[in-house]
Each structure stands twice: as structure tokens, then as C-alpha cells.
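As written in TrEMBL, here are the features:
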type	residues	note
ACT_SITE	H68	active site, proton acceptor
BINDING	T196, D242, T245	Ca(2+) 2 binding site
DISULFID	C37-C117	disulfide bond
DISULFID	C70-C75	disulfide bond
DISULFID	C123-C318	disulfide bond
DISULFID	C202-C227	disulfide bond
DOMAIN	27-322	domain 'Plant heme peroxidase family profile'
Amino acid sequence: MATARASCIIAVLFLLALASTSSSAQQLSTSFYSSSCPGVYDAVKSVMESAIAKEKRMGASILRLFFHDCFVQGCDASLLLDDTSSFQGEKMASPNNGSVRGFEVMDAVKSAVEKACPGVVSCADILAIAARDSVVILGGPNWNVKVGRRDSTTASFSGANNNIPPPSSGLANLTSLFAAQGLSQKDMVALSGAHTIGQARCTNFRAHVYNDTDINSPFAKTRQSDCPITSGSGDNNLAPLDVQTPTVFENNYYKNLVNKEGLLHSDQELFNGGATDSQVRSYVSSQSAFFADFVTGMIKMGDITPLTGSNGQIRKNCRRIN
Ligand code: HEM
């Protein structure tokens, strides 16, 4: 009896927790700043256009920042916080250390937005808009970004280490780390298409290009040529995630997978005789199907446990709490 009551209470608490998560996501809307800061979109876009004109890779780097932010305590700009004496930030966690980039660009975006509307727009929303703009500027799909997020007052070093999938992941692990964020396997495969832009370091693809068999050998040889076999040498040497066009957002990533030219072990896992092969093939034959599912995935990812209402704050400087 007592156990039954306890399980009933647990079930109710669980449902309440679920309801509160989805209701804060429901408080996001595409019109949140329509009277308080209608200029936010132009301000973000013009900084992103010049940053990407200066260096095309920056679009990829900003898109990745959004992913690494949302997978740790939700999309709350926790990743943008520098370390303080009271908490260790996320920047030095293993998926991020020596790897994530674009913080200076986010500072520039924040300054432009603060000039237009001081104290109104969160860093979390600015990052969501900047990620969308990056995709559009590099040739990908457009969508209306839901906004109304607030910024965290803390970060999670351990969350960054535990929630963000490593490139050594197999399909089951990728699927379960996305499921832990409320994202389906289908979302995972579509969002991985972000690897149609950007670069990875030798340390992250060495094992795949030397040890794996699900890779075509001319491609493996090319990648080996600038990624020495010995760990510790050439670790930071870069290679394009999309061997064909790393600064254009299209469906080439999936074409590479079908040719066994995925750069990361985790990339090739999406097309390796398993349940996701058919989805990969569908994106090879239809770029518009990929774009539609990528947009759905980005909107779902942007909905991960936002701070809304009076939770969190609107940071003045994205690197520190007010
Ligand atoms: C599915 C699981 C994923 C894994 C295991 C993974 C892993 C990685 C790794 C290891 C790198 C290279 C980092 C380096 O060598 O410094 C990378 C780069 C990148 N990732 Fe992912 N990623 C995943 C999903 C995503 C998602 C969902 C997005 C965005 C929607 C994304 C966007 C990017 C971008 C754009 C880059 C290139 C960044 C740059 O050039 O600065 N990734 N990813």
C-alpha cells in the first residue's frame, strides 16, 4: 500500500516535471521581441555576415556552440560563461577544450544587440539566432527562431563532459544521448547533417582513419597523410568534416557517408548497416527532406529546458553573470 502510494507520488512528480519542461518551451515564441527589440534580427545578422565573410568556418563554429550549449542544462548560454571562483565553466570540459570557438564573435553580436536594445535580449537567444543565420549564410534552410529564453547564472563542467557525445560513440550511444535531451534518433541523424560544414582535429578522427574498416581506403589514406598515427603528434591538424564542400550547407555529408567517407567514427555509424541507413539514403536523394528535418531538429533542440519568466537573467556580458 505504502509502496503503491509512493510510486503514485513519484509518477505525479515526474508528470509535473515533464509538464514544466514543456510549458517553459511553450513560452518561447517567434514574436517575443517584436515590440521590445524588433531590431535584434538585423543586428545579429549583420555581425554574422561580416564574421563569416572574414572566415567561412566561423558559421560552423557558431552552429556547434549552440548544440554544445543546449545539451548542457538546456539552451541557456551556460557555455558562454568564463570560469569563476564559484564554478568551473564548460569551456574546458573535454568536448570543448581546445575545440569550441567563436566566443569573440558572440561578444561582438552581443555588443551590437545591446546597442540596439540595452538589457533586453538574452545571450541564449542571440546564440540561437546566430546559429540560424550561420546556416542560412552558408546556403542552408531558413526558419523562424523561437525566442524568449533567459540566461543561466551557472554552468556545468560535468554536464558538458557527460551529455555531449564523443566522436568514438556508436549508434546506440548517440541515440541514447540524444534521447536524454528529448530528441529522437531521426532528429539525431538530421542534426548530424551539421557536419556538412566545419573542421575536426586529428585527435578526433585518428582512430577512425587508422583502425576502422567501415571507411574507404583512398579516403583513409588521404586523411592519414596529415594526421600522424602517434597520438600526441599533429593532434590539432584539421580536416574538413565534409570532404567535398566544408563551407557550404547542403546534403553532401550524407553522400559522403554512403561512400564510406565519414570523417568521424560517429559519422560513419549513421550509415553502417544499421537502422539509420535508410534515413541517410533518403537525404542523399532529397536535399529538401534533409532541410525540412534539420529545421525540425533545430527547433526541438532550441526548446530544450529554457529558462523563462523570472528564472535566470538577461546577462549584460555573455561571459559573466550580472
Ligand atoms: C551526433 C553526435 C555528434 C558528435 C559525436 C559530434 C562530434 C564532433 C566533433 C568531434 C567535432 C570536431 C571537433 C574538433 O575536432 O575540434 C565536431 C565538429 C562540429 N560539429 Fe559536431 N558532433 C555531433 C553532433 C553535432 C550537432 C547536432 C551539431 C549541430 C547541429 C554539430 C555541429 C558541428 C559543427 C558545425 C562542427 C564544426 C565546427 C568548427 O569547424 O568549428 N555536431 N563535432
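Positions of Cβ are set from backbone N, Cα and C atoms, glycine also.
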Alpha-carbon distance [T196 (Ca(2+) 2 binding site); C70 (disulfide bond)] in Å: 20
Taken over the domain 'Plant heme peroxidase family profile' (27-322), the model's mean pLDDT: 98
Same chain, 6+ residues apart, C-beta under 8 Å of the C-beta of T196 (Ca(2+) 2 binding site), given in sequence order: L241, D242, T245, P246, V248, F249, E250, N251, N252, Y253
Residue pair C37 (disulfide bond), C123 (disulfide bond) - Cα distance, angstrom, rounded: 14
C123 (disulfide bond) versus C75 (disulfide bond) - Cα distance in angstrom: 10
Long-range Cβ environment of C123 (disulfide bond), under 8 Å and at least 6 residues apart: A77, L80, M106, K110, D151, R315, C318
Where C117 (disulfide bond) falls in three-state DSSP terms: coil
The residue listed as 'active site, proton acceptor' versus C227 (disulfide bond) - Cα distance in angstrom: 25
